[in-house]
Amino acid sequence: MESEQLYHRGYCRNSYNSIASASSDEELLDGAGAVMDFHTTEDDNLLDGDAASPGSNYVMSNGGGAPSSTTHLLDFLEEPIPGVGTYDDFHTIDWVREKCKDRERHRKINSKKKDSAWEFTKSLYDAWSGWLVVTLTGLASGALAGLIDIAADWMNDLKEGVCLSAMWFNHEQCCWTSNETTFAERDKCPQWKTWAELILGQAEGPGSYIMNYFMYTYWALSFAFLAVCLVKVFAPYACGSGIPEIKTILSGFIIRGYLGKWTLLIKTITLVLAVASGLSLGKEGPLVHVACCCGNIFSYLFPKYSKNEAKKREVLSAASAAGVSVAFGAPIGGVLFSLEEVSYYFPLKTLWRSFFAALVAAFVLRSINPFGNSRLVLFYVEYHTPWYLFELIPFILLGVFGGLWGAFFIRANIAWCRRRKSTRFGKYPVLEVILVAAITAVFAFPNPYTRQNTSELIKELFTDCGPLESSQLCQYRSQMNGSKAFTDNPNRPAGPGVYAAIWQLCLALVFKIIMTIFTFGLKVPSGLFIPSMAIGAIAGRIVGIAVEQLAYYHHDWFLFKEWCEVGADCITPGLYAMVGAAACLGGVTRMTVSLVVIVFELTGGLEYIVPLMAAVMTSKWVGDAFGRQGIYEAHIRLNGYPFLDAKEEFTHVTLAREVMRPRRSDPPLAVLTQDDLTVEELQSTINETSFNGFPVIVSMESQRLVGFALRRDITIAIENARRKQEGIMLNSRVYFTQHAPTLPADSPRPLKLRSILDMSPFTVTDHTPMEIVVDIFRKLGLRQCLVTHNGIVLGIITKKNILEHLEELKQHTEPLAASWYYHKKRYPSSHGSNGKPRSRVHHVQLIRSFQDGRGGGGDNSEEEEVHLLDGSNL
């Protein structure tokens with residue numbers, strides 16, 4: 001990692017302790033039960049003087065060396081300085097600088113590719129490295145997804161029994177070759193033994209039921225305990241879904257170790273255990289995290305991506321598409337998911353590479369064939385009945401249910417997660433997982449619809465009843481003798497089995513809703529896609545059966561009489577389950593286009609895309625009525641990640657000078673001059689402040705902006721100069737200009753730091769509306785923006801300042817009234833009342849005149865004042 005490379009290159013660990021101790025991908029942080037609030041640790045905290053952020057308190061040694069007898073300037077620092085341009089943990093990258101670095105690298109390669117065959121080969125390698133890394137990512141994602149699917153199915157069936165003929169076979173595979181299975185009991189064969197048969201020697205009776213009950217609970221608790229222990233001990237970042245953190249990382253935030261090798265290994269293992277434990281969670285969300293780990297690891301094989309954080313995030317966007325591709329068997333839906341939901345920067349070439357990565361991952365998964373049905377997913381279904389116009393009414397009602405469920409779940413889950421973070425209960429993650437797993441297993445076993453794997457449940461709910469289906473949901477009565485029969489007659493009344501199944505499904509619906517709220521957020525890998533789809537599928541199947549029976553008993557109603565002919569197959573309950581699943585998932589995540597594509601790729605129901613669109617849009621509208629944040633955005637906000645949501649609208653009227661730092665009560669803005677500082681003064685400024693960046697001005701008198709220098713870069717540059725450049729002393733002059741200032745002959749060698757200076761920092765005037773500033777930060781990915789007035793630096797706005805400002809505005813129910821009136825501005829002149837120019841000093845600070853203590857007076861005499869250190873006004 002960066003810090004380790006700096007150390008091995010000779011950096012003094014004592015004088016560079018905070019950088020050398022930065023977390024790497026191999027280092028693990030035990031975050032179990034901790035509140036991951038990065039509000040006070042991110043690099044956007046450029047002007048937070050209350051608490052220094054990690055990596056900002058650099059302690060510089062008092063270097064020196066013998067004074068040079070010559071005034072010859074060694075512009076050694078014009079060469080690239082190792083470590084400059086890198087980032088600490090929990091810091092935000094500079095998108096603009098990273099893109100500039102990539103363009104410069106590209107120009108250098110193009111200028112040399114005609115020099116020799118070797119340079120031409122290097123240019124080809126550079127051009128194809130993007131395709132190579134996404135190919136490797138797709139191959140690894142598909143292979144790991146297939147392995148996880150096979151292992152999870154086997155361990156899930158292990159809770160019920162074991163295959164004596166081959167221990168590595170699950171229940172279905174064990175009975176494939178058996179000649180003793182029947183149509184009604186196709187899963188029972190002599191080769192498969194339940195735990196009651198193995199231990200007690202009997203398959204029926206109360207004792208057998210109790211033994212199977214006990215073994216089911218025992219294996220569920222064992223899997224859950226092993227999963228949470230592995231996560232806590234080896235990789236705390238392997239818990240949860242991973243999508244909120246992936247969204248934050250793709251927006252430019254750095255969380256070292258979150259996409260590392262240990263996280264990948266532990267997440268893969270514990271995901272299998274968590275799914276097999278029977279907890280109300282899925283593996284689809286964590287598969288996106290697994291794929292991004294693969295993309296991050298493979299990106300280090302290519303310097304084009306390993307040395308550029310912005311380029312690396314293009315690989316991660318493609319990896320997230322591959323993750324959804326193998327999770328749902330939906331390559332196109334994966335690309336759209338990456339574009340709509342997780343990616344912050346998505347250029348056209350990333351779209352192509354995401355499509356290719358999703359294709360490769362899907363191809364590998366199809367080759368493995370983990371489900372044994374020659375499909376990419378377990379619940380692929382095909383319906384043979386079209387939908388009718390009147391069915392849009394129940395489809396829209398399912399959309400309303402999905403929106404209400406999504407809004408309720410987000411609020412309930414966030415409230416529980418907040419309580420977990422703020423109480424002692426969150427300090428015992430292992431106990432919490434064991435408790436939730438025990439409750440889940442105890443209440444899930446008696447109900448066959450909660451006992452089985454959630455993916456199997458969704459498959460059964462999606463499947464249409466036919467002559468080959470033996471599910472209890474398909475136990476309709478025959479019209480001839482009223483007995484139970486499995487016919488393909490579409491118009492048939494529901495039998496006792498169907499009504500019993502409906503009651504069991506209602507209980508399963510309540511159980512799933514409650515347990516999903518408490519399960520999502522545990523310290524184990526936990527996805528939300530499958531539980532949400534299961535809740536929607538249960539509700540949809542119940543509604544579908546109800547509409548089907550209405551059509552049968554009241555076929556003369558005008559709704560059914562118009563479209564449902566006598567003897568024609570009119571209602572498909574499985575379709576309602578599919579629509580309900582999409583509606584509930586859309587209500588929780590607020591996805592639209594990508595969700596519809598994922599569902600029709602998932603089920604093969606391309607003909608039913610209009611009902612899916614109607615239900616998904618309805619669920620989004622209903623959910624947005626209670627809050628625009630989806631579950632992932634809500635968890636980002638809960639954890640305090642520095643994420644600017646592009647979907648959020650800024651409707652308040654404020655100006656840049658209301659948000660900038662420093663404020664009236666803050667310490668003055670610390671700046672550097674371009675050529676009058678010494679090394680000792682620069683060290684003092686860095687050691688006495690916690691700011692992570694400093695504006696560079698012409699002089700204390702001029703105050704005109706020259707550029708912006710980062711604290712980390714200054715520290716690295718000085719340390720590098722002391723090791724490699726003789727004559728650098730405490731009284732050496734530091735200059736950021738192209739040419740050295742005129743110095744006495746006996747002066748020590750000056751230190752040139754122009755190479756680390758950002759000559760084109762983004763600036764706005766103090767009267768720039770904040771809605772424009774917010775758009776600039778969102779679209780350009782800025783870390784900070786300087787605020788000027790007539791060319792004079794007044795303050796700075798960081799990403800943290802914007803997030804704090806947005807949080808303050810959210811506390812108001814209505815947009816704030818304008819506190820400044822553009823047409824009533826009276827700008828101060830540059831000369832005083834005596835006709836002489838006003839003096840300018842080192843520190844300036846912008847304040848407002850207040851009429852009523854809040855600046856809201858109706859007088860037209862409101863004006864701005866720039867207060868100087870000598871007490872005068874500008």
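Just so you know, glycine gets a Cβ as well, placed from its N, Cα and C.
According to TrEMBL, the feature transmembrane segment maps to residues 259-279, out of the candidate ranges 259-279, 343-363. Contact between the transmembrane segment (575-600) and the transmembrane segment (388-410) is supported by 3 or more Cβ pairs under 8 Å, counting only residues 6 or more apart in sequence. Within its own chain, the transmembrane segment (501-522) is flanked in space by residues 228, 239-241, 279-281, 405, 409, 412-413, 416-417, 420, 429, 432-433, 436, 439-440, 443-444, 447-450, 457, 471-473, 475, 528, 531-532, 534-535, 538-539, 541-542, 545, 631, 635, which lie at least six positions past its ends and keep a Cβ under 8 Å from the stretch. Counted with DSSP, the domain 'CBS' (660-726) comes out as 24 helix, 17 strand, 26 coil. Note on the transmembrane segment (534-555): residues 391, 394, 397-398, 401-402, 405, 449, 454, 457-458, 461-462, 473, 491-494, 498, 502, 505-506, 508-509, 512-513, 516, 561, 564, 566, 570-585 of its chain, located 6 or more positions outside it, place their CB under 8 angstroms from a CB of the stretch. Beyond the transmembrane segment (315-339), the same-chain residues lying 6 or more positions past its ends with a Cβ under 8 Å from any Cβ of the stretch are 130, 133-134, 137-138, 141-142, 145-146, 246, 249-250, 259, 283-285, 287-292, 294-296, 298-299, 305, 345-346, 350-351, 353-362, 364-365, 375-377, 380, 529, 591, 593-595, 597-599, 601-602.
Summarising model confidence by region, the domain 'CBS' (660-726) averages a pLDDT of 86. Counting Cβ pairs under 8 Å that are 6 or more residues apart, the transmembrane segment (216-238) and the transmembrane segment (128-148) reach fewer than 3 and are not in contact.
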